[in-house]
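Read the structure below first, then the notes.
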Amino acid sequence: MKREIIKRLPKIELHCHLDGSVRPHILEQLAKQQNHPLAWTGEALKNKLVAPEDCTSLLDYLERFDVVLPYLQEEAAIELISYDLIAQVAEENVRYIEVRFAPLLFNRKGLTIEQIVTAVVTGLKRGEKEFGVKANALLCGMRHHDETTNQSVVTAVKEFYGKGVVGFDLAGDEANYPTALFESVVSIAKEHDLPITLHAGECGCPHNVMTAIELGATRIGHGIAIQKDEAVLNACLDKQTTIEMCPTSNFQTKAVTELKDYPFQKFLDAGLNITINTDNRTVSNTTLTDEYEKLANWYHIDYACMEKLNHNAVNGAFTSKSEKERLHADLTAGYAEYR
Ligand SMILES: O=c1[nH]cnc2c1ncn2[C@H]1C[C@H](O)[C@@H](CO)O1
Ligand SMILES: [Zn+2]
């Protein structure tokens, strides 16, 4: 597989965090506009934003977000980073992306959840129009936030559903806040028929994946721990759960430490609906092109496999039937000469 070809081929991304994908030069621009100087510039800033080689855990990884969050508390900034994310993905021919973020991490200066979600959707739609990349948003509850706070995120999904927001997610510290703690919050989303994808089995146990599926998640973020439990793997097969794998991130967070333990081939062979994603373009210092290139180097996947992974992503996407048909057709046409 050639990098330039991977870059050019149409791709779909289901798992990409907005606040983990702010380019350093955009952050510098925000710091200037907000008259709030950063303590670092250039390479030093990049080193602060990117998870280090010796990152020890998911919690260590999540500390990178502390640098960027203070600058994401104003509508103009939130709109700009959303637009810029679409500019980034357009460069590598992503045709459809679901962008996730936790609105209640952007309210330190008093923005309402409606203002925050509107700013993101406005930026995504501006990018969509300019670059021709379809983009929808997913709203994340945070595992360390209390129940009332997370319930208000579900309420916002309901309010903005069909207006640029397509589903609910739970992100953050899985090891200390297992999925079962969020039964009532996730159940509200389920009762309202809102699409649900949950981070589960990333750095936690397979049980979190089972709970997520039982609560109504049709997609699982990461799901690495599925490999530890045959019953959970079978449940994912039965329910045709979409698995959002994020290879670079999974090594950084120490979800796995050795390539032999990475379950890509195992999941593929088992017939799971796996998809490939960046997780956080800046924090993981990656692109979707990089992720596929890694898979090609590690597993020698061919273009047909890459096409299949992208069709899986369309099948799992929280978008309309007609949009999915259009995306499938885009993929089929794009990969035709490489099959
Ligand atoms: O890989 C992840 N696992 C759990 N939480 C994550 C991951 N990447 C980012 N987050 C958190 C940090 C962000 O502030 C939040 C919303 O995007 O989601
Ligand atoms: Zn994630």
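Backbone N, Cα and C atoms are what each Cβ position is placed from, and that goes for glycine too.
For the Zn(2+) site that TrEMBL gives as H15, H17, D279, the extra residue drawn from H144, H192, H199 is H199.
Using Cα positions, the member of the recorded positions H199, E202, H222, D279 nearest to D19 (substrate binding site) is identified as D279. Less than 8 angstroms from the CB of G172 (substrate binding site) sit L62, A102, C140, M142, R143, H144, H145, H199, each of them six or more residues away in the same chain.
Taking the Cα atom of each, H222 (site 'Important for catalytic activity') and E202 (active site, proton donor) are about 5 angstrom apart.
Close to ligand 2, meaning a Cβ under 6 Å from one of its atoms, is not one of the recorded positions D19, G172, H222. Under DSSP, H199 (Zn(2+) binding site) is assigned to a strand (E or B) in the three-state scheme.
Counting Cβ atoms from all protein chains shown, H17 (Zn(2+) binding site) has 28 others lying within 10 Å of its own Cβ.
Apart from the site residues H15, H17, H199, D279, the chain places the Cβ of C16, G20, R100, A171, G221, H222, E244, C246, S249, N277, N280 no farther than 8 Å from the centroid of the site's Cβ atoms, the recorded Zn(2+) location.
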